[in-house]
Amino acid sequence: MKKEINMENLLYIIIEGGLKSLIVIIGLLIGVAFATLLERKVMAAMQKRRGPNVVGFVGLLQPLADGLKLVLKETIIPIVADKIIYAIAPILTFTISIVLWSVIAVGVQSVFASINSGVIFILAISSIGVYGIILAGWASNSKYAFLGGLRSAAQMVSYEVALGLIILSIITYAGTVNIQEIMENQEKVWFIVPLLPGFLLAFISALAETNRPPFDLPEAEAELVSGYNVEYSSTGFALFFLGEYANIILMSVLLSVFFLGGIVSNKISGAMKGVGMLCSFIWVRATLPRYRYDQLMYLGWKSLLPFALLIYIGVISMVLIIK
């Protein structure tokens, strides 16, 4: 009897986990479709043109058409590529982007479960994301892909340090590593008010972490053709694309959670904050030119890191004085 109950519980856990995973994947696909359409429409408006307007009403079905086009294309694997690692790399990148969403609060509870150390979980899992890109660059056996992978690894590691210090400052100020409790602590005053310099540093680091302009060095077309995914087509390229935009949406949501209160007021205002942060990413892409690689490294290690350390020390001092 005990064995049957355990088997029933196991089956329930598997079914529940599968359904929740499906919800996250479908939500991400819809979110990425919305983000790509929003990006193209906003950039078109900034450049005084119309943007996508052919497929569907005012171009609303354009992301669906692009997705179908990618999936229906032939998957071409280079002869000199390491085929197993070549296939694993985009799957790994997309899987990590899904796992990161498991602790993001979309209501009273998170998608999967309310983890007490949700912030630490995000920091730990996000640091693994670089492996998919490195594996893609190495397995493609192409100098452009390899250089793009190396650049991405160096860039993500460099800016993770500064971003980690800013998140530590938020944890210290809030006195918790639970995402839900961090939002609840901002009911009266958003953290952007006392931690405005930290917000600016976190935003710059988020741009670099997601390889967005002006820090899109791993995909620099003029230098590396397309970077680490230059040898990918069809589903492989689509998975990298989905993973990249899922991370952009995640960073937008995290910035709104850490500094703007997230969904502490209501879900609609929380969604508007996330969309506002996403529009900020798009605005930066449309206005700023790309950095040189040496300037990127200089900014990360000699400017952002010392400032992030000063902010962290300042937050610790402020908390000690208040207490």
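Positions of Cβ are set from backbone N, Cα and C atoms, glycine also.
What Swiss-Prot lists as transmembrane segment is 10-30, 52-72, 84-104, 119-139, 157-177, 189-209, 245-265, 268-288, 302-322, and the listing cites sequence analysis.
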Leading contact stretch, 10-30, 52-72, 84-104, 189-209, 302-322 vs the transmembrane segment (268-288) - CB distance under 8 Å:
189-209
Which of 52-72, 84-104, 119-139, 157-177, 302-322 contacts the transmembrane segment (10-30) most, counting Cβ pairs under 8 Å:
84-104
So if I exclude everything within five residues of the ends of the transmembrane segment (84-104), which remaining residues of that chain have a CB under 8 angstroms from its CBs? That is, six or more out.
20-21, 24-25, 27-28, 77-78, 110-115, 118, 121-122, 125-126, 128-129, 131-133, 135-136, 138-140, 179, 229, 231-232, 235-237, 239-240, 242-243, 246-247, 250, 253-254, 257
Top Cβ-contact partner of the transmembrane segment (302-322) among 52-72, 189-209, 245-265 (pairs under 8 Å):
189-209
Beyond the flanks of the transmembrane segment (157-177) by at least 6 residues, Cβ under 8 Å:
116-120, 123, 126-127, 130, 185, 191, 194-195, 198, 201-202, 205-206, 208-209, 215, 258-259, 296-297, 300-301, 304-305, 307-309, 311-312, 315-316, 318-319
